[in-house]
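Taken straight from TrEMBL:
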{"type": "DOMAIN", "residues": "139-226", "note": "domain 'CAAX prenyl protease 2/Lysostaphin resistance protein A-like'"}
{"type": "TRANSMEM", "residues": "24-45", "note": "transmembrane segment"}
{"type": "TRANSMEM", "residues": "57-78", "note": "transmembrane segment"}
{"type": "TRANSMEM", "residues": "98-119", "note": "transmembrane segment"}
{"type": "TRANSMEM", "residues": "139-163", "note": "transmembrane segment"}
{"type": "TRANSMEM", "residues": "175-208", "note": "transmembrane segment"}
{"type": "TRANSMEM", "residues": "249-269", "note": "transmembrane segment"}
Amino acid sequence: MFKERPQSEVPQSFYPNIGQSFRLLIRLILISIPLSIPYIVLMILNREYVLPYGQLLISFTLLFSYGVPFFIVARLGVKRIRKFDMPDYRLKLNMEPYQVLLVVVLMTLAASTLISAITDLLPESDWFNDYMTQLVQPNVFAFLTVVVAAPVLEEIFFRGVILEGLLKNYSPAKAIIWSAVIFGVAHMNMWQTTGAILSGLLLGWVYWKSNSIIPGMVIHFVNNLIGYIAMINTADANESLSDSIGDNLIYGVVLLSALGIFILTWRWLNKRWTNPTPEPAP
C-alpha cells in the first residue's frame, strides 16, 4: 500500500514537520477561541429569550468564527512554506476526469457507511447531540459552514499545508497517519475525533496518490452533504445508522455491500493513480 523509503528517513528540513503541524493546530484553536464568543453568547441568549432570527444569526456567527481562523492559519502555513522551502509553492489543484471523481464519490458513500457503523458504537452524549443539532440547521449559513467551507478550508489546511510538509519529511505511511491524528485532534471531542481520524487516513491516502486536493475536497463535500441532509430530514437527528435501517439482517447486508464497494473502488483508484507525491532524495 505504501512505498517506504529504503533507508532512514530524510531529516526534517521541510515545513511543517510533526511539531510544527501541532503548533499550527494550536494557533488555529487560539484564534478560534475569541472569535467564537459571539456564537456562544447568541446561543445562550437564544435559549433564554428566543431571539428574532436567532438561529440564522447563530449559524452566521458560526460560519465566521469557523472560516476566519482556518483562512488565517492556512495562509500562514503557505507563506512559511514559500519562505523556507519553496518560493513558488502552489496548492495542488490538479483536476481529475469526471469518471474518476464518480468513482471517488462511490468510494465516499461506502466509506461513510462503514465509518458511521464504527462511530455508532461510541456511547451517546447529550452534550454532543445538542452541539450537532445547533451546528446542522436548515439555513444557508449552516449549509455553507458544513458543506462548503469545511471541505474547502480543511482540505487546504490539513492536506495542502500539513500533509504536504509531512510527506516531504517522513515516509508516506507515517505522514498520513500523523496528519489523520492531527485532523482528528482538531475536532476536539471523542465522537467526531474517531470518525475524523478514520476519514483522515482515507483523505491523506487520496492526496498522496492523486497529488491533488481536489479529490479530497470531493470526498469531504459528499460526506458532509450526506450528514447534513440526514440530520435535517430525520425526526431524531442523532439516530444511528442501524436504528434508521431497523432490520439487523438488512443492516448487515448494507455493511457488507459497503465494504465490497469500498475495496473495489479503492483498488481501482490505487491502479489509476500511479504517480504519488514525489519523495525528496535522501
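Placement of Cβ uses the backbone N, Cα and C atoms for every residue, glycine included.
Spatially, the transmembrane segment (98-119) is adjacent to the transmembrane segment (175-208); three or more Cβ-Cβ distances between them are under 8 Å for residues at least 6 apart in sequence.
For the transmembrane segment (175-208), the residues of the chain that approach it from at least six positions outside its boundaries are 2, 18, 21-22, 25, 28-29, 92, 104, 111, 115-116, 118-119, 122, 125, 128, 131, 154-155, 158-159, 162-163, 166-167, 169, 215-216, 219-220, 223, 269, 276-277, judged by C-beta separation under 8 angstroms. Listed by sequence, the residues of this chain that lie at least six past the ends of the transmembrane segment (24-45) yet keep a Cβ under 8 A from its Cβ atoms are 16, 51, 54, 57-58, 61-62, 64-66, 68-70, 72-73, 76-77, 134, 157, 161-162, 182, 185-186, 188. Below 8 angstroms of C-beta separation, residues 15-16, 24, 27-28, 31-32, 35-36, 38-39, 42-43, 46, 51, 89, 91, 134-135, 137, 139-142, 144-145, 149-150, 153-154, 156-157, 160-162 of the same chain, each at least six residues beyond the ends of the transmembrane segment (57-78), sit close to that stretch. Mean pLDDT for the domain 'CAAX prenyl protease 2/Lysostaphin resistance protein A-like' (139-226) in the predicted structure: 94.
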